[in-house]
Amino acid sequence: MSDLNQGPGASTAQPKPIEAKPLRHPGRWVAAAIIVALLAWFIISALNNEAYGWDTYRSYLFDTRIATAALHTIALTLLSMILGVVLGAILAVMRMSGNPVMQGVAWLYLWIFRGTPIYVQLVFWGLLGSLYQSINLGFAEIDLQSLLSNMFLLAVIGLGLNEAAYMAEIVRSGIQAVPEGQMEASKALGMNWSMTMRRTILPQAMRIIIPPTGNELISMLKTTSLVVAIPYSLELYGRSMDIAYSLFEPVPMLLVAASWYLVITSILMVGQYYLEKHFEKGSTRTLTARQLAALADAEGAIPGNVTVVPETSKEN
């Protein structure tokens, strides 16, 4: 094998590699020490402050009512996200379709639900029972009282419909990030539209869709605290405040709710990390030596940090 970097001056001795010393950053250590000192001061001050009500905090941290409320919060989060993801995917397809009517309907939906505050929407869903008691179809009348009196269901619908407007843009951006040639190649192989989306487009788009969707899931967990506007108060924040009002101690119960939110959010973040790793299989942002050699051959120049050695054929 021969080195392609050989030239007229190949016989000259190669220079010794530079022994670079890492740059020192004393300012970082000073800043870290200041932050640690301030954090330690705040923690010690808070632990010695009776206004935080640490006895109440310890008494209610694992209370059965709080644990049940945490389960209600998780159920609200998952059901609302499922509704939001499914409806958001449908809206994304409608926006990318060639039908102007479907595009207009999807745009109007996004305009309304992204343009109004989620709290206002939830208040509206809570008042829906006073606006519509029944629906008269002429030949039949549908009673809505039993449906609209289910506050948990209204909370899921309100959160899910709002989330769908944001998921539609996330899904649309992920699909549009896949090169158009992928769709054309799939059609050339005889795949129909649904098979192309399932086997070609979505697996590549998921690498772009998953990170913002994970952020939306975490955001949805915290947004469930707003369903008291419906009103639905059996979730974590509402239940904590009910206990706080009976004890006249809002601070420790707020800390209890915050602790549960932090634990659940941390679990979701770990799940998001491994899910992103799963969909990143087969993709990399670095080039292998063979790819660098091919790039050098295409450009007619060899990168300075790469030595290209031609492959020898294997003997039979």
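Cβ coordinates come from backbone N, Cα and C, glycine included.
Taken from Swiss-Prot, the feature region 'Disordered' covers 1-20.
Per Swiss-Prot, the feature compositional bias 'Polar residues' maps to 1-14.
According to Swiss-Prot, the feature transmembrane segment maps to 29-49 (among others), an assignment based on sequence analysis.
Here Swiss-Prot flags 70-274 as domain 'ABC transmembrane type-1', drawing on sequence analysis.
Residues annotated as transmembrane segment in Swiss-Prot: 74-94 (among others).
The transmembrane segment feature in Swiss-Prot is assigned to 108-128 (among others); the stated evidence is sequence analysis.
Per Swiss-Prot, transmembrane segment is recorded for 151-171 (among others), and the stated evidence type is sequence analysis.
Taken from Swiss-Prot, the feature transmembrane segment covers 217-237 (among others), and the record attributes it to sequence analysis. Same-chain residues lying 6+ beyond the ends of the transmembrane segment (217-237) with a Cβ under 8 Å from its Cβ atoms: 66, 68-70, 72-74, 76-77, 80-81, 84, 118-119, 122-123, 125-126, 151-152, 154-155, 158-159, 163, 257, 260-261, 264-265, 268-269, 272.
Within the same chain, residues 51-54, 56-57, 60-61, 66, 70, 73-74, 214, 217-218, 221-222, 225, 236-237, 240-241, 243-244 sit at least 6 positions outside the transmembrane segment (251-271) and bring their C-beta atoms closer than 8 Å to a C-beta of that stretch. Annotation source Swiss-Prot lists transmembrane segment at 251-271 (among others), citing sequence analysis.
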